[in-house]
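Colleague: Structure provided below as structure tokens; questions to follow.
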Amino acid sequence: MAYPMQLGFQDATSPIMEELLHFHDHTLMIVFLISSLVLYVISLMLTTKLTHTSTMDAQEVETIWTILPAIILILIALPSLRILYMMDEINNPSLTVKTMGHQWYWSYEYTDYEDLSFDSYMIPTSELKPGELRLLEVDNRVVLPMEMTIRMLVSSEDVLHSWAVPSLGLKTDAIPGRLNQTTLMSTRPGLYYGQCSEICGSNHSFMPIVLELVPLNYFEKWSASML
């Protein structure tokens with residue numbers, strides 16, 4: 001999860017988020033090299049008195065500044081498309097969970113079970129226990145098994161919402177009348193926090209998301225206790 005004064009990403013806890021972090025570093029290095037080159041050329045133009053006022057054309061230079069940007073764009077586009085297809089791919093999910101956005105809370109339904117659903121509201125600041133996080137704790141956490149492919153179906157009952165958990169690299173829009181889907185898989189147990197990431201009204205800031213990823217045997221015990 002995030003911590004005060006954090007400047008970077010949250011720790012990756014899913015294969016997709018790890019790929020996104022690698023892509024970010026890859027793209028950032030390319031941007032840094034381009035920026036350095038541009039600054040170097042500008043500094044030369046400002047400090048040197050040498051000019052080429054008689055030059056009418058320079059086909060070699062024009063060829064270079066046409067081909068080089070094309071190569072750079074390819075180096076950015078290929079890994080980006082690879083991750084995009086990875087995020088859209090859904091292979092035999094072990095569990096399906098449907099989440100609906102409301103003003104201003106989330107409801108969850110485990111569709112593989114006959115009667116396992118609940119609403120998840122933010123715990124008010126006045127009711128927090130010592131050690132709990134302000135504006136991030138909920139009365140009902142979403143308990144899921146770790147190291148298993150889970151399909152999330154996301155929609156909304158009223159206005160636009162967005163179901164987002166940064167540590168897992170998830171952000172899926174909740175649109176009324178439309179059912180979007182995404183997959184998640186955590187490589188380690190823990191609590192993962194998120195929030196609604198689409199402005200949806202006066203209490204938009206009070207729609208936290210808490211996922212509790214646990215080993216399979218703990219999930220089975222929890223699901224049995226909820227039925």
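Cβ from N, Cα, C; glycine included.
Grabbed the feature section from Swiss-Prot, which reads as follows:
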- 1-14: topological domain 'Mitochondrial intermembrane' (TOPO_DOM)
- 15-45: transmembrane segment (TRANSMEM)
- 46-59: topological domain 'Mitochondrial matrix' (TOPO_DOM)
- 60-87: transmembrane segment (TRANSMEM)
- 88-227: topological domain 'Mitochondrial intermembrane' (TOPO_DOM)
- HIS161, CYS196, CYS200, MET207: Cu cation A1 binding site (BINDING)
- CYS196, GLU198, CYS200, HIS204: Cu cation A2 binding site (BINDING)
- GLU198: Mg(2+) binding site (BINDING)
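On this model, are these features tucked inside or out on the surface, and what's nearby?
Modeller: Mapped onto DSSP classes, the topological domain 'Mitochondrial intermembrane' (1-14) shows 0 helix, 0 strand, 14 coil.
Break the topological domain 'Mitochondrial intermembrane' (88-227) down by DSSP state and the numbers are 21 helix, 61 strand, 58 coil.
When Cβ atoms from all protein chains are considered, those within 10 Å of MET207 (Cu cation A1 binding site) total 27, not counting its own.
Same-chain residues at least 6 positions away in sequence with a Cβ under 8 Å from that of CYS196 (Cu cation A1 binding site) are, in sequence order, GLY101, TRP104, HIS161, SER162, TRP163, ALA164, HIS204, MET207, ILE209.
Counting only residues at least six positions away in the same chain, the Cβ atoms of LEU160, HIS161, SER162, ASP173, ALA174, HIS204 sit under 8 Å from the Cβ of GLU198 (Cu cation A2 binding site).
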Colleague: Please identify, from the binding-site residues HIS161, HIS204, the residue with the sparsest Cβ neighbourhood, meaning fewest other Cβ atoms within 10 angstroms.
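Modeller: Lowest Cβ count within 10 Å among the binding-site residues (HIS161, HIS204) is HIS204.
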Colleague: Determine which residues of the chain contact the topological domain 'Mitochondrial intermembrane' (1-14) at the Cβ level, with the cut-off under 8 Å and only residues 6 or more beyond its ends counted.
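Modeller: Residues 20-21, 24, 166-169, 184-188, 190-193, 213.
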Colleague: Would you list, in sequence order, the residues of this chain other than CYS196, GLU198, CYS200, HIS204 that have their CB within 8 A of the centroid of the site's CB atoms, where the site is the one recorded for Cu cation A2?
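Modeller: Near the Cu cation A2 site, the remaining chain residues are GLY101, TRP104, VAL159, LEU160, HIS161, SER162, SER197, ILE199, GLY201, MET207.
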